[in-house]
Each structure stands twice: as C-alpha cells, then as structure tokens.
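Asks: Questions regarding the structure given below will be posed in turn.
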Amino acid sequence: MSSAAPLPESVIALVRAALEEDIGMGDLTCQYFVPEDATTKARIFAKESGVAAGVDVAAAVFELLDETLSVHIEKHDGIPFEPGDTILQIAGRTTSILTGERTALNFLQRLCAIATKTRDYVEAVKNTPTKILDTRKTTPGWRWLEKHAVTCGGGTNHRMGLYDMVMVKDNHLLAEDQQDDLQAAIDQVKENHPSVRIELEADTIEQVGRFLTLRGVDVILLDNMTDIEMRHAVTLNRGRVQLEASGGITIERLPVIASTGVDFISVGALTHAIKSLDLSLELLEN
C-alpha cells in the first residue's frame with residue numbers, strides 16, 4: 001500500500017468513475033497482448049520540474065484497480081521535483097499497471113500543474129504579507145482536488161462553495177441597490193450565520209467608500225482596479241476590513257499589486273487555465 005492519507009469518499013468515487021469510464025468492459029489491448037501472469041515494476045517520473053500534488057490520488061487509482069499491487073510514494077504532495085525524479089513506484093501485475101496508467105497520469109499531471117503554477121505565483125509575492133487565493137473556477141467534480149493542489153503550491157483556499165461564505169457581486173447588487181436594504185441583508189446573515197464571512201465586490205473607489213460605512217463586512221473585493229485605484233482603496237480603508245484584488249491578474253503584475261497593500265490576490269487562472277505537467281510512466285526491468 002502507498003501509506004497515503006485517507007482520501008474523501010467523494011474523491012474515491014471520482015477515481016472509481018474515472019476507471020470505469022476508461023476501462024468499460026475491459027482493456028482489450030492488455031487482454032490480447034500482455035500475458036495475464038506477467039509481473040513488473042514501474043515508476044511515474046517527471047520530465048520537467050514542478051511541485052507534487054495528487055500523488056495519493058494516483059496511488060489510489062492503482063490500489064482500487066488491483067489491491068495486490070504494491071504502490072510506494074516517492075514525492076509526497078507539496079514536495080518539489082526535478083526532471084528525472086521518481087514520483088510514484090508500482091509493482092505487480094503488468095496488466096493492472098498498464099490499465100491504470102492513463103487514469104493515474106490524468107489526475108497527477110493536472111494536479112501537479114496547478115500546484116506548480118501556484119508555487120510560481122506565491123514566489124512572486126514572497127517578500128510581502130499578501131496571500132494568493134484560488135477561486136470557484138474549478139473543473140466540475142474536481143473542486144476538492146484542485147483546491148488541495150493550490151495549497152500544495154503554497155496558495156490559500158478562498159471559499160469552497162456557495163455555502164461557506166457570502167460573496168455579494170455586481171449582479172447581486174443590481175437586485176439590492178439600496179444602502180439600507182444592503183445593511184439589513186448583512187445584519188440578517190450575521191444573525192443567522194455569525195461565523196460566516198461576508199465579502200462585497202466593488203468596481204469603483206466610490207463603492208469602496210460606501211461599503212466601508214456598512215457594519216459586518218469582512219472583505220471588499222477590488223474588481224479590475226488599476227494599481228493607483230488599489231492604493232487609494234488601501235488608504236481609504238485604513239485597515240478596517242481585508243481587501244482582495246481580483247480581475248486581470250498576471251504573474252508579471254503580482255509584485256506591484258502586492259505592493260499596494262492589499263491582503264489577498266485571487267487568481268482564477270490557477271485552476272481554469274492549466275497546461276498539464278509533463279509526467280510519464282515507464283516499465284522497469286525486473
């Protein structure tokens with residue numbers, strides 16, 4: 001066994017579904033071209049540098065497929081690796097290893113890519129107190145995995161869903177455009193869900209000033225603001241609430257945005273604009 005930490009049942013179900021999707025009625029290639037009793041050793045290794053994430057998920061692919069396989073994790077989640085490094089070792093039936101290869105790599109390549117990209121963004125603001133946040137722009141069904149990968153790269157999770165934080169955006173404000181109505185709604189949230197944080201999205205400095213007069217606001221999101229506008233918002237805020245920069249974020253802009261004094265920078269691209277990392281599985285000589 002891999003000795004990996006237990007995965008949530010939702011992730012186990014996702015792995016099972018991925019295997020069923022790929023295998024269907026059976027692996028025809030292995031059935032006809034690989035001896036059923038053949039055994040081998042294999043490794044998943046890196047062809048480029050990165051940060052490990054989802055290694056226990058890849059291990060679970062092989063363990064759920066064939067409980068007789070021996071799986072050993074070489075690079076645990078959050079550990080950096082270089083080209084040529086072994087991430088996972090597998091030993092046992094050759095047919096089982098080859099059948100699980102693509103499903104394991106599909107999980108591992110995407111999650112390592114997210115962790116690696118996050119690490120690069122975090123490094124860009126490392127000399128500041130600003131934290132890099134993810135968003136809800138995740139692959140349907142993969143949210144827990146992709147947000148876990150963000151933490152492997154040193155990032156911080158924003159809300160997990162619609163249920164654990166209130167985030168009032170421009171479309172919500174169109175339906176609640178009166179200051180008194182907005183305050184009443186915030187008061188109701190705090191009364192019914194006292195531990196839930198409330199964030200309001202501001203498109204202009206005028207909105208920032210208006211939101212700062214409201215009770216119970218925890219975070220103001222500065223949407224698509226210029227660096228000058230963000231500095232103005234930080235000055236106006238005087239530390240009363242936390243400020244989050246969002247929209248049009250590139251890695252090149254991060255140091256300047258962080259220097260404005262915002263608490264958070266949220267980056268949708270961490271999970272929705274990802275190129276899979278180059279990893280591969282190779283069979284080893286017995």
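Placement of Cβ uses the backbone N, Cα and C atoms for every residue, glycine included.
What TrEMBL says about a protein is an automatic prediction, not a curated fact.
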Asks: Where TrEMBL shows Arg102, Thr135, Arg136, Lys137, Arg159, Lys169, Glu201, Ser246, Gly247, Gly248, Val267, Gly268, Ala269 binding substrate, which of Asp66, Asp77, Asp223, Asp227 is named for the same site?
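Replies: Answer per TrEMBL: Asp223.
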Asks: Among the binding-site residues Arg136, Arg159, which residue has the fewest other Cβ atoms within 10 Å of its own Cβ?
Replies: Arg136
Asks: Please report the number of other Cβ atoms within 10 Å of the Cβ of Gly248 (substrate binding site).
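Replies: Taking all protein chains shown, Gly248 (substrate binding site) has 11 Cβ neighbours within 10 Å.
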Asks: Taking the Cβ of Gly268 (substrate binding site) as the reference point, list residues of the same chain whose Cβ is under 8 angstroms away and which are at least six residues distant in sequence.
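Replies: For Gly268 (substrate binding site), the qualifying residues are Asp134, Thr135, Lys137.
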Asks: List the same-chain residues at least 6 positions away in sequence whose Cβ sits under 8 Å from the Cβ of Arg102 (substrate binding site), in sequence order, or say none.
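Replies: Asp22 - these are the non-local Cβ neighbours of Arg102 (substrate binding site), listed in sequence order.
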